[in-house]
Each structure stands twice: as C-alpha cells, then as structure tokens.
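Working notes for the structure below.
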Amino acid sequence: MDALTGAWQWLTTAANWAGGKGVWHRLAEHVQISAVCLALSCLVALPVALWLGHIGKGGALAVNLSNVGRAVPTFAVLVLLTLGPLGSQGEWPTVLALVLFAIPPLLTNAYLGIREADRDAVEAARGMGMSGPQLLLHVELPLAYPLLMTGLRSAAVQIVATATLAAMAGGGGLGRIITAGFGNYDTAQVVAGAVLVAALALAVEGVMVAVDRLCDPMRGRRRAARSGRGSRARRGERDDHAMAVGGAA
Amino acid sequence: MSVPWSVTAAAWPSGQVPADPGGPWVPQAAGPGGSDCLVANDWICGAYLRTRSHELLDATVQHIGITVASVVLGLLIAFPLALLARRRRAVAGAVLGLTTVLYTIPSLAMFALLTPVFGVSVAVVVTGLVLYSLTILVRNILTGLDAVPAEVREAARGMGYGPVRMLFGVELPLALPALVAGIRIATVSTVAMTTIGSVVGFGGLGNLIASGLEGFFKAEVLTASVLCVLLAVAADLLLMTVQRLLTPWTRPRAGARPGGRRAPATKAVA
C-alpha cells in the first residue's frame with residue numbers, strides 16, 4: 001500500500017509531468033516512435049505477406065518467422081544494435097529493433113489470413129473473371145481482414161512493449177521513468193512509471209480493438225457467417241496464436 | 001555483426017586484408033593466447049569465453065533456474081484454472097480476459113509493479129513470468145481438452161471411468177500434444193523474457209547483457225545473447241522430444257487417422 005500511495009503522490013506532483021524528463025515528454029516520445037515504427041513495419045511486412053499469400057508460396061517462412069521472433073530476446077537485440085555501428089545514430093537502433101519485432105506478427109497473420117480465405121469464394125471470383133489484383137483487393141483482403149487486424153493489434157502491443165525496453169538500452173520513452181526510478185531506488189517512481197506504461201499498453205490495445213470494429217468491411221454480416229460455419233472457433237484459435245507471438249517483450 | 005576472421009579474410013584477395021586495430025590478421029589470432037580481442041573489443045572473443053567461463057556458467061544456471069521455476073509454477077496454476085474454466089463458462093471468460101490483460105502489460109512494467117510486493121528479489125521475475133505463461137498455458141490446455149472427441153469420452157464412461165480417471169487416463173493423454181505445444185511456446189518466450197529480469201538483478205544471461213551495455217563490452221553482450229537463443233532452441237527441441245516419447249500413438253498413425261486431436265497442437269505451435 002505504501003508503494004501505491006507513493007506512486008499516487010508521484011503521479012499527482014505537477015513537477016513530474018513537466019520538462020524534458022517529465023511524463024508528457026516521455027509519453028510523446030513513446031507514442032511517436034511507436035506510431036512511426038508501426039507504420040514502417042506495415043510498409044515492410046504487409047506487401048510481402050499479401051503477395052506471398054496471394055501466390056500461395058513461402059508458408060514455411062511466414063510461420064517460422066514468428067517462432068524465431070519469440071526465441072530472440074528483445075533486450076538483447078536492443079543492446080546489440082546500440083553497441084553496433086548504428087549506436088551513434090540517435091534513435092535508429094530503437095527504430096530498427098521495434099520494426100524487426102513487429103514484422104513477425106504482422107507477416108504471419110496477414111499471410112495466414114490470405115491463405116485461409118474461403119477457397120470457394122476465391123474460385124468463384126476467379127470464375128467471374130476477376131484479375132489477380134481485383135481478386136486480392138475485393139475478395140481475399142476483405143476475407144483476411146480479421147486476421148490482418150489481429151496481426152496489427154499484436155504488432156502495436158509488441159511495439160509499445162519493446163519501446164518500453166528501449167529505455168534499458170539508453171533510449172527514450174516512458175520506460176525511462178521506470179529505469180530512472182530503479183537507478184535512484186525510488187520505488188514510488190518505479191510503480192508510477194509502470195502504471196503509466198501499463199495504461200498506455202492497455203489503451204493501445206483498446207484503440208486497436210475499436211479500430212478493428214469500425215473498419216470491418218463485413219460489419220454486421222460476419223455474425224451470420226460465424227454461427228453457421230464455426231469460423232468463430234477458428235478465429236479464436238488464431239487469436240491465441242497471435243497473442244503468443246505478440247507480447248513477448 | 002562481425003564474422004569469424006577466417007571468413008572475412010577469405011573474402012579479400014591476398015594483400016588487401018583490411019587493417020585490424022586489434023593487430024594484423026594471423027590464422028591463430030582467435031586461438032590460444034589471443035587476448036587481443038579483449039583489447040580491441042571484438043564481437044567474438046575466445047579469450048572472453050576462457051577467462052569468464054565461470055561467469056557465463058553462473059548466468060546460464062540462473063537463467064535456466066528462473067525459466068524452469070516459472071514454467072513449472074505456471075503449469076501448476078494453469079492446470080486447475082483450466083479445469084475450473086472448463087466447468088463454468090463464466091469462469092472461463094474471466095480467466096481468459098484477465099490473462100489477456102496481463103499479457104498486454106509490458107514486461108518491464110510488470111516487473112516494476114511487482115517490485116514493491118516482493119522487494120528486489122528473484123520472486124519478482126518468477127512471478128512476472130508465471131503470469132505471462134498463464135495466458136498461453138490456460139488457453140492451450142483448454143484447447144486440448146475441448147478437442148478430445150466426444151465418442152472417446154462416451155466410450156470411457158461406458159467402461160466405467162469416473163471423472164478423475166477419465167481426466168488423467170483418457171482426456172489428458174489425448175490433450176498432451178496441445179499441452180506440450182503450449183509449454184513449448186511458454187518456455188521459449190520465458191527464456192527470452194528472463195533477460196529483462198536484469199532490471200532487478202535477476203535476469204540470468206540478461207545480467208551479462210546489461211553489464212556488457214554498461215561497460216560497452218561487445219563480446220559479453222553477443223555471447224550472452226547467442227547463449228540465450230541457443231537455450232531457447234535447446235529447450236524447444238527437448239520438449240519436442242519429450243512429447244514424441246510420451247505420445248507414441250501420434251507418430252505411426254499420423255497419416256492414417258486425420259482426427260481432430262492433432263490439429264490444435266500443430267496450430268498452436270505454428
């Protein structure tokens with residue numbers, strides 16, 4: 001309880017929110033680098049995943065990538081990049097690490113989404129004379145949407161978590177409040193920083209769920225399909241799997 | 001990342017070997033007596049491995065200890081939780097929802113939140129890792145138990161199996177592939193996440209990574225990182241072997257019976 005009241009006091013002290021080491025600045029750093037890296041990793045991963053899924057090749061790569069991503073410690077990669085030649089280039093080690101760890105969930109889920117798009121629907125579309133790009137855009141992509149968004153959600157959560165760890169390797173962001181607290185043996189600050197980080201991570205997850213619902217191209221129609229063909233169960237399993245890929249930071 | 005000297009040197013025509021600040025290239029440079037790499041702060045350094053082997057061993061033992069403790073404790077908690085969740089769907093929703101929320105919290109924040117509870121101790125790291133492993137384990141145990149074919153259950157009941165004997169004699173063996181798949185995922189991600197425990201000084205190989213960062217000691221960081229990945233791969237292979245030995249029936253008849261019970265395992269691993 002002592003720690004909680006201490007943390008509350010820390011959070012309600014205006015001085016802790018202002019300035020270059022204040023919460024607002026650290027939050028801005030965290031959100032900014034996370035958003036940039038999410039956009040970058042989408043730019044890298046999604047075209048590759050959609051293309052591989054469309055031509056139906058590279059399944060082993062897409063699946064193994066997430067296994068590899070799980071086994072490699074985020075902290076080690078952050079430190080290796082910081083000590084490497086990129087280390088003197090400001091935020092670049094962090095950006096690269098964040099993008100690297102966001103790619104597996106994005107790529108694996110998008111690939112599986114396209115691959116598992118209802119074959120009958122794809123065949124029917126092909127029979128109607130749709131070209132490759134039309135097929136991808138109007139049939140496979142809408143059908144892959146749930147998994148695509150699962151991947152995006154995992155990637156976003158993963159990036160926020162990894163950006164927290166960047167503080168341990170000398171980067172900015174909200175993690176800095178925690179590491180600085182550990183450095184000063186200031187438990188109140190440690191807990192306050194942790195509360196802020198946890199709140200941000202949960203907020204990002206919430207925003208992604210809301211975006212998922214709002215943008216769903218089959219909004220309202222999916223429910224009917226679900227009850228009939230058990231696709232809900234399938235999606236549930238994928239969620240599980242994607243989660244395992246996602247938060248390992 | 002640098003490569004062993006022999007490879008780099010072979011890629012250059014003779015006479016064009018780039019100047020090395022740690023000394024001119026000689027085939028034995030990385031061999032016995034070559035402590036130049038420590039001075040030059042090379043990524044790969046045989047002298048480091050020799051002189052600090054006890055440090056590496058201690059860190060590896062701590063790493064394995066934390067990982068094993070976390071996964072075993074996680075399993076001991078996840079199993080009754082999964083059984084409870086299977087009984088009551090309301091419990092299932094609560095358990096799955098709560099573990100998902102826990103999984104979303106970044107590990108550094110998790111360890112920081114647990115620090116006032118346990119003080120700066122190994123319990124912080126183990127508790128945090130147990131909470132993460134719960135998410136994966138509970139889901140996989142539930143998936144495995146749900147996939148047990150209803151007719152098998154009926155047959156066992158007809159043979160007079162009670163609920164306990166049914167669970168341990170019929171359902172659990174059939175759910176084993178999914179269970180082990182969950183343990184593999186949990187173990188591999190726990191090995192990786194243990195490194196972050198270095199924030200409270202109990203991170204196994206992560207401690208070496210952290211001290212290497214502080215002292216700008218490249219060989220220490222790379223060696224510890226590689227060991228960490230090797231540890232994860234070794235644990236994964238070990239568990240895979242254990243599963244093969246425990247479930248001999250999944251091997252020979254894999255093609256013969258396309259039953260539903262193998263599906264959750266392969267999907268969860270994927």
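Placement of Cβ uses the backbone N, Cα and C atoms for every residue, glycine included.
Worth saying up front: this structure is predicted, and the values here are computed from it rather than measured.
As given in TrEMBL:
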DOMAIN    B:60-239  domain 'ABC transmembrane type-1'
TRANSMEM  B:64-84  transmembrane segment
TRANSMEM  B:91-114  transmembrane segment
TRANSMEM  B:120-142  transmembrane segment
TRANSMEM  B:163-185  transmembrane segment
TRANSMEM  B:191-209  transmembrane segment
TRANSMEM  B:221-242  transmembrane segment
When only pairs 6 or more apart in sequence are counted, do the transmembrane segment (B:120-142) and the transmembrane segment (B:221-242) reach 3 or more Cβ pairs under 8 Å?
no
Ranking B:64-84, B:91-114, B:191-209, B:221-242 by Cβ pairs under 8 Å to the transmembrane segment (B:163-185), which is first?
B:221-242
Taking B:64-84, B:191-209, B:221-242 as candidates, which has the most Cβ pairs under 8 Å with the transmembrane segment (B:91-114)?
B:191-209
